[in-house]
Amino acid sequence: MNNAIFPNKFKVALAAQQVQIGCWSALASPITTEVLGLAGFDWLVLDGEHAPNDVTTLIPQLMALKGSASAPVVRVPTNEPVIIKRMLDIGFYNFLIPFVETQEEAARAVASTRYPPEGIRGVSVSHRANMFGTVPDYFAQSNKNITIIVQIESQLGVDNVDAIAATEGVDGIFVGPSDLAAAMGHLGNASHPDVQQTIQHIFARAKAHGKPCGILAPVEADARRYLEWGATFVAVGSDLGVFRAGTQKLADTFKK
């Protein structure tokens, strides 16, 4: 092989508990995604849950990252095998699964990414991920090079964090701070002490099971605190947030 698909460097870095600094991509544009890739982030989330992304918009973004060292991570809209299969076939190896609340849901996400007998992924002999049949060892290598990160963002997920983190095939735990805050009765206030304490608890339980933990933290002070608490993969901003802040600052400079 000469295409450097394997090994999955992001999966290797997570397993080694290496700090990985990332960014969120929500504008669904190959141009902005390419710019993010050139910035030097270790990983990028291409959001399919809250951003207007689907297969047709994600393929150009994967192409835009072809020459980048940033690992593309897709957040699927839901933990559904057919959706996950389509993302696998277009070339994603790293998955962020939203709203996982039980060990069974975590195991289902893992199974959706594995070919039988280890999982339930459907087989296509020619697709973008295996360079349309030109990667000879794709089937032998694929199962062990998929990264599964599950999001904990509800009270039930918090209650089951140990079982979720212990699930075979789960590579990392990701905290969804906004939804977690809402579930705890603090909508719009992820900085509430109770929410922060719960985030720290999730990190600790993930670490106890040898699993790296991550979070989205667009405020620098928050990101640095989470890193101090043991988070190893942190998204420190988003293309949408940076674009909005930058354009607002530019307008204010001349309009006020």
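The backbone N, Cα and C atoms fix where each Cβ goes, glycine too.
Annotation comment: Swiss-Prot describes HIS50 as active site, proton acceptor. The secondary structure of HIS50 (active site, proton acceptor), as reduced to three states from DSSP, is coil rather than helix or strand.
What Swiss-Prot lists as substrate binding site is GLN151, SER178, ASP179, and the listing cites sequence analysis. Remark: SER178 (substrate binding site) has GLU153, GLY188, ALA190 as non-local neighbours, by Cβ distance under 8 Å and separation of at least 6 in sequence.
According to Swiss-Prot, the Mg(2+) binding site annotation covers GLU153, ASP179. DSSP assigns GLU153 (Mg(2+) binding site) to coil, not to a helix or a strand. Taking all protein chains in view, 23 other C-beta atoms sit within 10 angstroms of the C-beta of GLU153 (Mg(2+) binding site).
For the recorded site, ARG75 (site 'Transition state stabilizer'), the DSSP three-state label reads strand. In sequence order, VAL45, LEU46, ASP47, GLY48, GLU49, PHE95, LEU96, ILE97, PRO98 are the residues of the chain that are 6 or more apart from ARG75 (site 'Transition state stabilizer') and have a CB within less than 8 Å of its CB. The site 'Transition state stabilizer' annotation in Swiss-Prot covers ARG75 and rests on sequence analysis.
ASP89 (site 'Increases basicity of active site His') is surrounded by 17 other CB atoms, counting those within 10 A of its CB over all protein chains shown. Residues or ranges marked as site 'Increases basicity of active site His' in Swiss-Prot (evidence: sequence analysis): ASP89.
GLN151 (substrate binding site) sits 14 Å from HIS50 (active site, proton acceptor), counting Cα to Cα.
Listed in chain order, the extra residues whose Cβ falls within 8 Å of the Cβ center of the substrate site residues GLN151, SER178, ASP179 are PRO98, PHE99, GLU153, VAL175, GLY176, PRO177, LEU180, ALA182. Taking Cβ-Cβ distances under 8 Å and a sequence separation of 6 or more, the neighbours of HIS50 (active site, proton acceptor) in its chain are ALA26. Every protein chain shown contributes to the tally, and the Cβ of GLN151 (substrate binding site) ends up with 25 other Cβ atoms within 10 Å. With a 10 A radius on its CB, ASP179 (substrate binding site) counts 18 other CB atoms from all the protein chains.
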